[in-house]
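*Asks:* Sending over a structure as structure tokens; questions will come in a sec.
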Amino acid sequence: MPPKKRRRQSQKAQLLFHQQPLEGPKHHYESCQQPITHTVQVPSKPIDQSTVTSWVSPQFDRAAESRFLIHWKPHRDQARRPTRRSTCKFPRLTFESPQSSSSETLLLSNRVQPQNSEKDPPRRPLVPLFSPQSCGELSVHVPHSLPHVFAPPDIQTPDSSVRDDPISPDQKENSFPSCILGPGTPSSPEPGPVLVKDTPEEKYGIKVTWRRRRHLFAYLKEKGKLDGSQFLVKI
């Protein structure tokens, strides 16, 4: 068992002096208080509490609020009860979709179709139709530098365009990427600047320091002052 703590007296007894000061109590930090001899009587008026605070704005008058806050205490049972999930009282927000192009609506309508339609006959997937006007609009929005180009599937063109301009299937495949990429895009990217030149075959196995000092390397090699271990790379 640990030893019991002894309770100490918080308030110490006042010191008692056997002799009283001869000249009365002394004030070290301020002047001595002289006795009041002349007194004047002033007539007093009763104060009305209702008129005193009439100029105070009601939003700053917290006398009534402080009364309720003092007596209010949270109950123990209220703290233990779990918080219930409150349902949302506000209506859901409705978003208006912007006007999309005809090609986007065709692709979205194909995705929205139910998957469990077994009785319906199989249909061909919808493919967006590109006209010369739409190709011109796409060339403005699509960036000119594309990493790769996909070959399009079988494109269904309207009958009127087929009758006017008969085009072979090979020309269709070639015209589709050109209308997307635009006429000014190059077919292959241009090679960039050469950072490091290739090492010639005759200099294989020679250290880089001696490749840069060609004249000194040839002179020392002719004089026989360079060994093979000094200028050759060890493998």
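From the backbone N, Cα and C atoms, a Cβ is placed for every residue, glycine too.
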*Asks:* Examine the ranges 116-120, 171-175, 221-225 and name the one recorded by Swiss-Prot as motif 'KEN box'.
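*Replies:* Within the set 116-120, 171-175, 221-225, Swiss-Prot attaches motif 'KEN box' to 171-175.
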*Asks:* For the motif 'RAD1-binding motif' entry in Swiss-Prot, name the matching range from 54-60, 89-95, 138-144, 194-200.
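*Replies:* That would be 54-60, the stretch labelled motif 'RAD1-binding motif' in Swiss-Prot.
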*Asks:* Using a 10 Å radius around its CB, how many other CB atoms surround S50 (phosphoserine)?
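*Replies:* Neighbour count, Cβ to Cβ under the 10 Å cut-off: 6.
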*Asks:* Averaged over the motif 'RAD1-binding motif' (54-60), what pLDDT does the predicted model reach?
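*Replies:* Across the motif 'RAD1-binding motif' (54-60), the average pLDDT comes out at 67.
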